[in-house]
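Pulled from Swiss-Prot:
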- 1-15: signal peptide (SIGNAL)
- Cys95-Cys124: disulfide bond (DISULFID)
- Cys107-Cys154: disulfide bond (DISULFID)
- Cys110: active site (ACT_SITE)
- Cys143-Cys213: disulfide bond (DISULFID)
- Cys144-Cys150: disulfide bond (DISULFID)
- Cys183-Cys217: disulfide bond (DISULFID)
- Cys191-Cys203: disulfide bond (DISULFID)
- His286: active site (ACT_SITE)
- Asn306: active site (ACT_SITE)
Amino acid sequence: MWKLSAILLVAAASAVVIPGHREAPALTGQALIDYVNSAQKLWTAGHQVIPKEKITKKLMDVKYLVPHKDEDIVATEVSDAIPDHFDARDQWPNCMSINNIRDQSDCGSCWAFAAAEAISDRTCIASNGAVNTLLSSEDLLSCCTGMFSCGNGCEGGYPIQAWKWWVKHGLVTGGSYETQFGCKPYSIAPCGETVNGVKWPACPEDTEPTPKCVDSCTSKNNYATPYLQDKHFGSTAYAVGKKVEQIQTEILTNGPIEVAFTVYEDFYQYTTGVYVHTAGASLGGHAVKILGWGVDNGTPYWLVANSWNVAWGEKGYFRIIRGLNECGIEHSAVAGIPDLARHN
């Protein structure tokens, strides 16, 4: 039965047609918002406090969006019972990381954020809640750099390399700049917005520099566990199949995954609904965490956690059409399995 449902949903997704307009790719600002809201009814665009020039600093070079080669894909199994709706927050409600929206601020660290978020989730899930913590995006961002490593810090990085780094070097704990949670919390403060009643200073003119890699805890709360003893490791890192059912099976079985996609100007104007690219030029690449899926008025979607704080989108989340590889989101999924025995 689920296969028939899947076929019908893919057909529904394929039937989504956005009326073309020869000037749509060049639209910007209010003209873009007006066009998006008149051209389709799946999602709503609205004015954002942070301008486009600042949003681009949160993105990474599109060179980091290379789709996986078929021979590199490991996770290809398909479950016999895929539900129409799934939300990891409901499936594993006791895992603190799953419902946590982070803020990458003025740095293209999305690749490290999405990895740290999904790895935190999977560690909690695999341990049945025994290891329930937030793992550090800062540890990845600052230390997994260089030509033969993840990439270039705040300029972007390869998601699969972040997961391989976790397998080889492990990740320490670390939460947000605001909470100073764990061994190595994020060191770049939020900027240019009011979030949860706190007004942060204006963002700097230039992209924040990549934090320096240090092999010690940096929390201002004087975290007691030494850096090397705080490491959490993975046993495997791999690419996930490009088919919808393969991605769903991986999430059902092991938890949220990391994906990357092309961001167009209309995406950052997203406020609610099921996103489908409608207008505006390409701005760069972005990595995020998929934690579920569903159907909204017949339109299948992925449920995704962004890292632009809770003031953006649907309280930090967004939904994007499922089954069309929208903006490349279904061809770059990566994941891994925690090594609980190796946990320090």
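Cβ coordinates are placed from backbone N, Cα and C, and glycine is handled just like the others.
Taking the features listed in Swiss-Prot, we show where each one sits on the structure.
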| residue | record | DSSP (3 states) |
| --- | --- | --- |
| Cys95 | disulfide bond | coil |
| Cys124 | disulfide bond | helix |
| Cys143 | disulfide bond | helix |
| Cys150 | disulfide bond | coil |
| Cys183 | disulfide bond | coil |
| Cys191 | disulfide bond | coil |
| Cys203 | disulfide bond | coil |
| Cys213 | disulfide bond | coil |
| His286 | active site | strand |
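In sequence order, Ala112, Cys150, Gly151, Gly157, Gln161, Ala162, Trp165, His169 are the residues near Cys144 (disulfide bond), counting only same-chain partners six or more apart with C-beta under 8 A. Counting only the Cα atoms, the space from Cys217 (disulfide bond) to Asn306 (active site) is about 26 angstrom. Each of the recorded positions Cys110, Cys143, Cys154, Cys203, Cys213 was scored by other CB atoms within 10 A of its CB, and the lowest score goes to Cys213. Neighbours of His286 (active site) among the disulfide-bonded residues Cys107, Cys124, Cys191, Cys203, defined as a Cα within 10 Å of its Cα, are absent: none qualifies.
Between the CA atoms of Cys110 (active site) and Cys95 (disulfide bond) there is a gap of 21 Å, rounded to the nearest whole number. Counting every protein chain shown, the Cβ of Cys217 (disulfide bond) has 22 other Cβ atoms within 10 Å. Its Cβ placed at the centre, Cys107 (disulfide bond) has 25 other Cβ atoms within 10 Å. Fewest Cβ neighbours within 10 Å among the disulfide-bonded residues Cys95, Cys191: this applies to Cys191. Its own atom aside, the Cβ of Cys150 (disulfide bond) has 25 Cβ atoms within 10 angstroms in the protein chains shown.
Note on proximity: of the recorded positions Cys95, Cys124, Cys183, Cys213, Asn306, the one nearest Cys191 (disulfide bond) is Asn306, by Cα distance.
Distances between the Cα of Cys183 (disulfide bond) and those of the disulfide-bonded residues Cys107, Cys143, Cys154, Cys203 are shortest for Cys143. On its own chain, Cys124 (disulfide bond) has Trp92, Asn94, Cys95, Met96, Ser97, Ile98, Val131, Asn132, Thr133 as residues at least 6 apart in sequence with a Cβ closer than 8 Å to its own Cβ.
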